[in-house]
Amino acid sequence: MPPSAAKQMGASTGVHAGVTDSSAFTRKDVADRPDLTIVGDSVYDAKAFRSEHPGGAHFVSLFGGRDATEAFMEYHRRAWPKSRMSRFHVGSLASTEEPVAADEGYLQLCARIAKMVPSVSSGFAPASYWVKAGLILGSAIALEAYMLYAGKRLLPSIVLGWLFALIGLNIQHDANHGALSKSASVNLALGLCQDWIGGSMILWLQEHVVMHHLHTNDVDKDPDQKAHGALRLKPTDAWSPMHWLQHLYLLPGETMYAFKLLFLDISELVMWRWEGEPISKLAGYLFMPSLLLKLTFWARFVALPLYLAPSVHTAVCIAATVMTGSFYLAFFFFISHNFEGVASVGPDGSITSMTRGASFLKRQAETSSNVGGPLLATLNGGLNYQIEHHLFPRVHHGFYPRLAPLVKAELEARGIEYKHYPTIWSNLASTLRHMYALGRRPRSKAE
């Protein structure tokens, strides 16, 4: 169990005790102080600021002890308001450290797309969205309740798994990116739908917001690029003879994401980390609620049905729901970041196709791909427009089809590749060819 933020930081009510405005911090200094965060070349009091953050305290808390430069830029689509944040300023990044700079090209693109987002919504969910969300959530709750009363059936259990996936794609995803509503409370409440369908909001935020979005396809930092030997996803992965067949067992293997939801989440929660990356101690106040919600899911979705109808059939139906939802989610996320020509990101001197020094705009666009059009976007929460989503995660998915032509033109004008597959099949075929190529034994330097 993680120590509470209060215990970790002592009884002091702020970081200013013993700290002057001229203090210089190394990145290690900040990493050891979860009450601090870095933006650009400055260090700020994250603990003091989080309660005033309009988007919710949990977002700021997750970046305690971290560099939030690109996170702020990506979620607010503007330059850091240094003068407004001066009262939270506690020092500067040491001269020995290289600050992360805002991507001016990205901010220029943000200014262009701002003109295409209706001012009445400011990029949050339009009124029509709430009808869709209500239908999906209501259908899932009604179907689950019906099967508790009438008993589990295999086909309805599969349908329920699909509805769980739609909740993940259409509701919790936008909510946990802060894209549904200007109200942090609304986003937080609907973000907890991740716990309702068997996941964990706090683990999702750590995996997706803190790690994946800022380090997409980074060979060391993106948790979605770690398959622990089961798959060879990137050129830096060690090769095994089993990888000859990875393009064949990839799709069946995606159903195994279910076991992550059922088992791995609990151990990661207890260890307060994701894929070895610690969750900020500043977010420690979310530990107990997150653990209780995980146990509540087990009680509601696993223990209660088995208590009411103890049988192998009931267990199979429970597994069918979780595996169906897991497969649907994993399938679309996987094909959007693993395809022919996709960039892999690594440090200078690595064998990756892109270095971490590339612009934010280029790193996000060339590690993602789009598929299909507005119809699939309506069904899948706009995540078939993965490029637009990675560039503008706090813009509601309903706007992505409208933004896509401008984004494509802007990126191509800057010499940045924009990959859009017309069909799911064409995207899948590219993914399988990509996995086949990575599954071949790499040549040694002597060959």
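Every residue, even glycine, has its Cβ placed from backbone N, Cα and C.
Cβ contacts within 10 Å of His76 (heme binding site), excluding its own Cβ and spanning all protein chains shown: 15. Here Swiss-Prot flags His53, His76 as heme binding site.
The annotation domain 'Cytochrome b5 heme-binding' is assigned in Swiss-Prot to 36-94 on the grounds of sequence analysis. Mapped onto DSSP classes, the domain 'Cytochrome b5 heme-binding' (36-94) shows 22 helix, 14 strand, 23 coil.
Per-residue pLDDT, averaged along the motif 'Histidine box-1' (173-177), amounts to 98 for this model. Summarising the annotation, Swiss-Prot assigns motif 'Histidine box-1' to 173-177.
Broken down by DSSP into helix, strand and coil, the motif 'Histidine box-2' (208-213) contains 5 helix, 0 strand, 1 coil. Summarising the annotation, Swiss-Prot assigns motif 'Histidine box-2' to 208-213 and lists a curator's inference as the type of evidence.
Among the features that Swiss-Prot reports, motif 'Histidine box-3' is placed at 386-390, with the record citing a curator's inference. Cβ atoms under 8 Å from those of the motif 'Histidine box-3' (386-390) belong to residues 213, 216, 336-337, 364-365, 367-370, 397, 400, 403-404, 407, 411, 418-420 of the same chain, restricted to positions at least 6 beyond its ends.
According to Swiss-Prot, the transmembrane segment annotation covers 123-143 (among others). Counting same-chain residues at least six beyond the ends of the transmembrane segment (123-143), those with a Cβ under 8 angstroms from any Cβ of the stretch are 117, 156, 159-160, 163-164, 166-167, 170-171, 174, 179-182, 190, 193, 197, 378, 392, 394-396, 398-399.
If you look up Swiss-Prot, you'll see 154-174 (among others) marked as transmembrane segment, on the strength of sequence analysis. Outside the transmembrane segment (154-174) by six or more residues, the chain places 125, 132-133, 136-137, 139-140, 143-144, 146-147, 180, 190-194, 196-199, 201, 204, 316-318, 320-326, 328-329, 332, 379-381, 383, 396-397 with a CB less than 8 A from a CB of the stretch.
For the transmembrane segment (185-205), the list of distant contacts is 55-56, 58-59, 62, 133, 137, 140, 164-165, 167-168, 171-172, 175-176, 178-179, 261-262, 265, 268-269, 274, 279, 283, 286-287, 290, 293-294, 296-297, 301, 322, 325: same-chain residues at least six beyond its ends, Cβ to Cβ under 8 Å. Sequence annotations record features per position, and here Swiss-Prot assigns transmembrane segment to 185-205 (among others) based on sequence analysis.
Feature annotation from Swiss-Prot assigns transmembrane segment to 244-264 (among others).
Residues or ranges marked as transmembrane segment by Swiss-Prot: 286-306 (among others).
Sequence-distant neighbours of the transmembrane segment (315-335) (same chain, 6+ residues past either end, Cβ-Cβ under 8 Å): 147, 152-154, 157-158, 160-162, 164-165, 168-169, 197-198, 224, 250-251, 254-258, 260-262, 301-302, 305-306, 369, 371, 380, 383-384, 424, 427-428, 430-431. Look at Swiss-Prot and you will find 315-335 (among others) tagged as transmembrane segment, backed by sequence analysis.
Note on the transmembrane segment (286-306): residues 1-2, 58, 61, 144, 147-148, 152, 192, 195-196, 198, 200-203, 262, 265-266, 269-270, 272, 314-315, 317-318, 321 of its chain, located 6 or more positions outside it, place their CB under 8 angstroms from a CB of the stretch.
On its own chain, His53 (heme binding site) has Phe59, Val60, Ala184 as residues at least 6 apart in sequence with a Cβ closer than 8 Å to its own Cβ.
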